[in-house]
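So the structure is just underneath, and the comments pick up after that.
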Amino acid sequence: MASPSICLLAALLALVAWQAIASDPSPLQDFCVADMHSPVLVNGFTCLDPKYVNADHFFKAAMLDTPRKTNKVGSNVTLINVMQIPGLNTLGISIARIDYAPLGQNPPHTHPRATEILTVLEGTLYVGFVTSNPNNTLFSKVLNKGDVFVFPQGLIHFQFNPNPHQPAVAIAALNSQNPGAITIANAVFGSKPPISDIVLAKAFQVEKGTIDWLQAQFWENNHY
(Lines of atoms letter the chains of each structure in order from A and count residues from 1; the text may use other names and numbers.)
(Lines give C-alpha, C1' and ligand atoms only; values in the text may rest on other atoms or scores of the structure.)
Protein backbone atom coordinates (compact mmCIF):
# COMPACT_ATOMS: atom_id res chain seq x y z
CA MET A 1 0.00 0.00 0.00
CA ALA A 2 1.31 3.47 -0.91
CA SER A 3 2.43 5.60 2.02
CA PRO A 4 0.42 8.74 2.91
CA SER A 5 3.33 10.97 1.84
CA ILE A 6 3.42 9.41 -1.64
CA CYS A 7 -0.35 9.80 -2.00
CA LEU A 8 -0.10 13.44 -0.95
CA LEU A 9 2.71 14.07 -3.45
CA ALA A 10 0.68 12.45 -6.23
CA ALA A 11 -2.31 14.63 -5.36
CA LEU A 12 -0.19 17.79 -5.39
CA LEU A 13 1.34 16.89 -8.76
CA ALA A 14 -2.13 16.25 -10.20
CA LEU A 15 -3.32 19.63 -8.93
CA VAL A 16 -0.33 21.44 -10.44
CA ALA A 17 -0.80 19.64 -13.76
CA TRP A 18 -4.49 20.53 -13.84
CA GLN A 19 -3.70 24.20 -13.19
CA ALA A 20 -1.12 24.18 -15.98
CA ILE A 21 -3.66 22.75 -18.42
CA ALA A 22 -6.39 25.18 -17.30
CA SER A 23 -4.26 28.32 -17.73
CA ASP A 24 -3.60 30.19 -20.95
CA PRO A 25 -0.14 29.34 -22.30
CA SER A 26 2.58 31.97 -22.14
CA PRO A 27 3.69 33.47 -25.47
CA LEU A 28 6.40 31.40 -27.12
CA GLN A 29 7.82 34.35 -29.06
CA ASP A 30 8.21 38.11 -28.71
CA PHE A 31 4.89 38.81 -30.43
CA CYS A 32 2.28 37.30 -32.71
CA VAL A 33 0.68 40.14 -34.65
CA ALA A 34 -2.78 39.05 -35.78
CA ASP A 35 -3.08 38.19 -39.45
CA MET A 36 -6.62 39.41 -40.05
CA HIS A 37 -6.70 38.03 -43.58
CA SER A 38 -5.61 34.48 -42.87
CA PRO A 39 -8.21 31.81 -43.76
CA VAL A 40 -6.92 29.60 -40.94
CA LEU A 41 -9.32 29.39 -37.99
CA VAL A 42 -7.68 29.20 -34.56
CA ASN A 43 -8.53 30.30 -31.03
CA GLY A 44 -7.56 33.94 -31.62
CA PHE A 45 -5.66 34.83 -34.78
CA THR A 46 -2.75 33.32 -36.66
CA CYS A 47 0.56 35.18 -36.68
CA LEU A 48 1.50 37.59 -39.41
CA ASP A 49 4.93 36.83 -40.87
CA PRO A 50 7.34 38.88 -38.69
CA LYS A 51 9.06 40.29 -41.78
CA TYR A 52 5.85 42.19 -42.56
CA VAL A 53 5.39 43.56 -39.04
CA ASN A 54 5.98 47.25 -38.32
CA ALA A 55 5.34 49.72 -35.49
CA ASP A 56 1.84 50.54 -36.77
CA HIS A 57 0.71 47.03 -35.83
CA PHE A 58 1.21 48.05 -32.18
CA PHE A 59 -0.31 51.54 -32.47
CA LYS A 60 -3.67 53.28 -32.81
CA ALA A 61 -4.42 56.99 -32.74
CA ALA A 62 -7.42 56.25 -30.53
CA MET A 63 -7.92 59.77 -29.12
CA LEU A 64 -8.91 58.32 -25.75
CA ASP A 65 -8.51 61.81 -24.30
CA THR A 66 -11.52 62.99 -26.35
CA PRO A 67 -15.07 62.93 -24.88
CA ARG A 68 -17.53 60.61 -26.62
CA LYS A 69 -21.22 61.05 -27.36
CA THR A 70 -23.34 58.80 -25.12
CA ASN A 71 -26.40 56.75 -26.07
CA LYS A 72 -29.86 56.50 -24.51
CA VAL A 73 -28.61 54.60 -21.44
CA GLY A 74 -26.11 57.41 -20.97
CA SER A 75 -22.77 55.77 -21.72
CA ASN A 76 -20.25 55.04 -24.43
CA VAL A 77 -17.61 52.30 -24.17
CA THR A 78 -14.67 52.79 -26.54
CA LEU A 79 -12.83 49.46 -26.49
CA ILE A 80 -9.32 49.03 -27.86
CA ASN A 81 -8.73 45.32 -28.37
CA VAL A 82 -7.03 43.05 -30.89
CA MET A 83 -9.47 44.15 -33.58
CA GLN A 84 -8.06 47.68 -33.37
CA ILE A 85 -4.42 46.84 -32.54
CA PRO A 86 -3.33 43.55 -34.16
CA GLY A 87 -0.19 43.50 -32.02
CA LEU A 88 -2.36 42.65 -28.99
CA ASN A 89 -2.83 39.12 -30.31
CA THR A 90 -1.72 36.57 -27.65
CA LEU A 91 -0.76 39.34 -25.19
CA GLY A 92 -3.90 39.04 -23.05
CA ILE A 93 -4.72 42.72 -22.53
CA SER A 94 -7.07 45.44 -23.79
CA ILE A 95 -8.23 48.87 -22.65
CA ALA A 96 -11.43 50.92 -22.78
CA ARG A 97 -12.50 54.51 -22.21
CA ILE A 98 -16.00 54.78 -20.74
CA ASP A 99 -17.98 58.03 -20.91
CA TYR A 100 -21.03 58.53 -18.67
CA ALA A 101 -23.65 61.23 -19.16
CA PRO A 102 -25.20 62.80 -16.03
CA LEU A 103 -27.28 59.97 -14.50
CA GLY A 104 -25.90 57.70 -17.23
CA GLN A 105 -24.93 54.09 -16.71
CA ASN A 106 -22.97 51.23 -18.18
CA PRO A 107 -25.80 48.74 -17.59
CA PRO A 108 -25.39 45.32 -15.95
CA HIS A 109 -23.16 43.16 -18.13
CA THR A 110 -20.43 40.52 -18.00
CA HIS A 111 -17.08 39.92 -19.67
CA PRO A 112 -16.90 36.17 -20.31
CA ARG A 113 -13.16 36.19 -20.95
CA ALA A 114 -11.69 38.89 -18.70
CA THR A 115 -11.32 40.46 -15.30
CA GLU A 116 -11.65 44.27 -15.39
CA ILE A 117 -9.89 46.94 -13.34
CA LEU A 118 -11.48 50.37 -13.59
CA THR A 119 -10.05 53.79 -12.70
CA VAL A 120 -12.20 56.92 -12.41
CA LEU A 121 -10.66 59.86 -14.27
CA GLU A 122 -13.43 62.41 -13.78
CA GLY A 123 -16.59 62.56 -11.69
CA THR A 124 -18.21 60.03 -9.39
CA LEU A 125 -19.43 56.49 -10.09
CA TYR A 126 -21.55 54.03 -8.15
CA VAL A 127 -20.25 50.60 -9.18
CA GLY A 128 -20.77 47.01 -8.18
CA PHE A 129 -20.79 43.33 -9.06
CA VAL A 130 -22.95 40.36 -8.03
CA THR A 131 -21.57 36.96 -7.08
CA SER A 132 -22.81 33.70 -8.57
CA ASN A 133 -25.61 31.48 -7.26
CA PRO A 134 -26.77 30.72 -4.65
CA ASN A 135 -25.72 33.82 -2.67
CA ASN A 136 -25.95 36.53 -5.37
CA THR A 137 -24.16 38.95 -3.04
CA LEU A 138 -23.80 42.55 -4.22
CA PHE A 139 -20.41 44.20 -3.67
CA SER A 140 -20.75 47.92 -4.38
CA LYS A 141 -18.86 51.15 -3.82
CA VAL A 142 -19.05 54.85 -4.64
CA LEU A 143 -15.89 55.85 -6.49
CA ASN A 144 -14.41 59.31 -6.85
CA LYS A 145 -11.69 60.66 -9.13
CA GLY A 146 -8.57 58.51 -8.84
CA ASP A 147 -10.32 55.54 -7.22
CA VAL A 148 -9.89 52.00 -8.57
CA PHE A 149 -12.27 49.01 -8.50
CA VAL A 150 -11.98 45.42 -9.76
CA PHE A 151 -14.72 43.34 -11.41
CA PRO A 152 -13.94 39.59 -11.37
CA GLN A 153 -14.16 37.67 -14.63
CA GLY A 154 -17.61 36.55 -15.71
CA LEU A 155 -19.58 38.26 -12.92
CA ILE A 156 -22.43 40.68 -13.65
CA HIS A 157 -21.32 44.25 -12.93
CA PHE A 158 -22.33 47.84 -13.64
CA GLN A 159 -21.34 51.51 -13.30
CA PHE A 160 -23.72 54.44 -12.72
CA ASN A 161 -23.06 58.18 -12.63
CA PRO A 162 -25.25 59.51 -9.77
CA ASN A 163 -24.53 63.17 -10.57
CA PRO A 164 -27.46 64.80 -12.42
CA HIS A 165 -25.31 67.70 -13.63
CA GLN A 166 -21.79 66.45 -14.41
CA PRO A 167 -20.51 63.68 -16.70
CA ALA A 168 -17.96 61.09 -15.60
CA VAL A 169 -15.09 59.32 -17.33
CA ALA A 170 -13.25 56.09 -16.52
CA ILE A 171 -10.51 53.95 -18.03
CA ALA A 172 -10.73 50.16 -17.78
CA ALA A 173 -8.04 47.55 -18.39
CA LEU A 174 -9.03 43.95 -19.12
CA ASN A 175 -6.84 40.87 -19.12
CA SER A 176 -7.87 39.57 -22.53
CA GLN A 177 -7.12 40.61 -26.08
CA ASN A 178 -10.85 40.14 -26.74
CA PRO A 179 -12.79 40.23 -23.44
CA GLY A 180 -16.28 40.13 -24.94
CA ALA A 181 -19.32 41.81 -23.39
CA ILE A 182 -22.80 40.45 -22.68
CA THR A 183 -25.26 43.19 -21.69
CA ILE A 184 -27.90 41.35 -19.67
CA ALA A 185 -31.01 43.21 -20.81
CA ASN A 186 -29.92 43.16 -24.47
CA ALA A 187 -29.17 39.43 -24.38
CA VAL A 188 -32.36 38.43 -22.56
CA PHE A 189 -34.89 40.75 -24.21
CA GLY A 190 -33.16 41.60 -27.47
CA SER A 191 -31.92 38.21 -28.67
CA LYS A 192 -32.41 37.24 -32.31
CA PRO A 193 -34.57 35.23 -32.65
CA PRO A 194 -36.33 36.19 -29.41
CA ILE A 195 -36.48 33.87 -26.42
CA SER A 196 -40.01 32.55 -25.90
CA ASP A 197 -42.09 35.02 -23.88
CA ILE A 198 -43.53 32.02 -22.01
CA VAL A 199 -40.02 31.09 -20.84
CA LEU A 200 -39.17 34.65 -19.78
CA ALA A 201 -42.52 35.29 -18.09
CA LYS A 202 -41.97 32.18 -15.97
CA ALA A 203 -38.34 33.07 -15.26
CA PHE A 204 -39.09 36.66 -14.17
CA GLN A 205 -42.47 35.84 -12.58
CA VAL A 206 -44.31 38.56 -14.55
CA GLU A 207 -47.18 38.64 -17.04
CA LYS A 208 -46.44 37.62 -20.63
CA GLY A 209 -47.53 41.07 -21.80
CA THR A 210 -44.73 42.66 -19.78
CA ILE A 211 -42.19 40.46 -21.57
CA ASP A 212 -43.74 41.27 -24.95
CA TRP A 213 -43.38 44.99 -24.18
CA LEU A 214 -39.74 44.58 -23.14
CA GLN A 215 -38.93 42.55 -26.24
CA ALA A 216 -40.48 45.24 -28.43
CA GLN A 217 -38.01 47.87 -27.17
CA PHE A 218 -34.86 48.81 -29.07
CA TRP A 219 -31.95 47.46 -27.04
CA GLU A 220 -29.09 49.71 -28.02
CA ASN A 221 -25.47 48.63 -27.80
CA ASN A 222 -23.15 51.03 -25.92
CA HIS A 223 -19.88 49.34 -26.98
CA TYR A 224 -18.19 50.99 -29.95
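Cβ from N, Cα, C; glycine included.
Record features (TrEMBL):
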SIGNAL    1-22  signal peptide
DISULFID  Cys32-Cys47  disulfide bond
DOMAIN    62-212  domain 'Cupin type-1'
BINDING   His109, His111, Glu116, His157  Mn(2+) binding site
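Cβ proximity to the Mn(2+) site centre (mean Cβ of His109, His111, Glu116, His157, cutoff 8 Å) flags the following additional same-chain residues: Thr110, Ala114, Phe129, Phe151, Leu155, Ile156, Pro179, Ala181. Note: the Cα of Cys32 (disulfide bond) and the Cα of His157 (Mn(2+) binding site) are spaced 32 Å from each other.
When the Cα atoms are compared, His111 (Mn(2+) binding site) and Cys47 (disulfide bond) turn out to be 25 Å apart. Averaged across the domain 'Cupin type-1' (62-212), pLDDT in this predicted model comes to 96.
All protein chains considered, the CB of Glu116 (Mn(2+) binding site) has 22 other CB atoms within 10 Å. Residue pair Glu116 (Mn(2+) binding site) / Cys47 (disulfide bond) shows a Cα separation of 26 Å.
Contacts of His157 (Mn(2+) binding site) defined by a Cβ separation under 8 A and a same-chain sequence distance of 6+ are given as Pro108, His109, Thr110, Glu116, Val127, Gly128, Phe129, Val130, Phe151, in order along the sequence. Taking the disulfide-bonded residues Cys32, Cys47 in turn, the residue surrounded by the fewest other Cβ atoms inside 10 Å of its Cβ turns out to be Cys47.
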